[in-house]
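Okay, structure first, notes after.
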């Protein structure tokens, strides 16, 4: 049993949307295929993944550094103790050989994407959906059939009106979602408050709406927004500033009673540990949002859970960023708080595929072996072509 090829391809996201800091018109992603010599139904088992949303393609690091290390290793050193499946932790360590300490973000994304593909492969070897494998190994054996989901929407686009925002939220509500998130920070406080009020006129309760500033603010503007949105009773106030601004987060935690959220730009559990030590985050309300393919993968996410737990945060406080099948499996298998969803935002990467139904704010969990990209036709067409099927 061995890994025989690691393939990567750059694919455009094809989105005209923007947040408070950047647009996605040139954004790309990397699709990865980890090909094994295990044959099922006449084909090799292949693990697939992509590097989530919001970071550009990372194929060069995979092609030039990570893949050669893994493919050049003793195959037996990459297997688990039984010798009948691959060991994601061993493969993660192998992929990082001869790397200097620090500089985590430079390799967190390529290594994280490969790691998620390895977990897809591991679950396929077992013949089980990934969420079931995670539940058995790291979720106390408690298998879920559904997972909570919310929509990451309310993006800015040229000529957007309040009616456009309302219509967008009506579509999500009619599709079965009960919570939405919208962008703020790209306009004035007053204009963004009018946008929030337009959405609340359709969603009703403020707890059905979160807002995301995409790290747009300094201290003064963050506090201005916090004061302005406090009366709405929103589900959370996400990424008012860069997560490295521990002092601003601590000031906000003292000034703003509502939940804060951040983490999607963190590269590993060590960065989360430092943040939770100094940024004033509150275990009884605040939200942690690391994105597994962008932060060394599922293997490191297990460490992230341990770090959060040491700081008093329950798994219900964990909402992985990403809005894709990879994160849906984590939420279902590990008993996390909820999963983001991008139903129609990022081209072939959008949505959860044909196996997943949304109703009353819950997503059914896929039952295909692995992650189930095979039931996401547009994306799987790329993956299938890469694997030579």
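In case you wondered, yes, glycine gets a Cβ from its N, Cα and C as well.
The active site, acceptor feature in TrEMBL is assigned to 183. What TrEMBL records for 321 is active site, proton donor/acceptor. Annotation source TrEMBL lists Mg(2+) binding site at 212, 238, 264. Marked as domain 'Mandelate racemase/muconate lactonizing enzyme C-terminal' by TrEMBL: 162-259.
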Per-state residue totals over the domain 'Mandelate racemase/muconate lactonizing enzyme C-terminal' (162-259) - DSSP helix, strand, coil: 55 helix, 10 strand, 33 coil
Mg(2+) site shell beyond 212, 238, 264, criterion: Cβ within 8 Å of Cβ centroid: 181, 210, 213, 214, 239, 261, 262, 289, 321
Lowest local Cβ density among 183, 321, which the record lists as active-site residues, within 10 Å: 183
Residue 264 (Mg(2+) binding site), number of other Cβ atoms within 10 Å: 26
Distance [Cα-Cα, Å, rounded] between residue 212 (Mg(2+) binding site) and the residue listed as 'active site, acceptor': 5
Of the recorded positions listed as 238, 264, 321, the one whose CA lies nearest the CA of residue 183 (active site, acceptor): 238
Spatial neighbours, same chain, of residue 238 (Mg(2+) binding site) - Cβ under 8 Å, 6+ residues apart: 181, 210, 211, 212, 213, 260, 261, 262, 287, 289
Residue 212 (Mg(2+) binding site), number of other Cβ atoms within 10 Å: 27
Segment-level pLDDT (mean, integer) for the domain 'Mandelate racemase/muconate lactonizing enzyme C-terminal' (162-259): 97
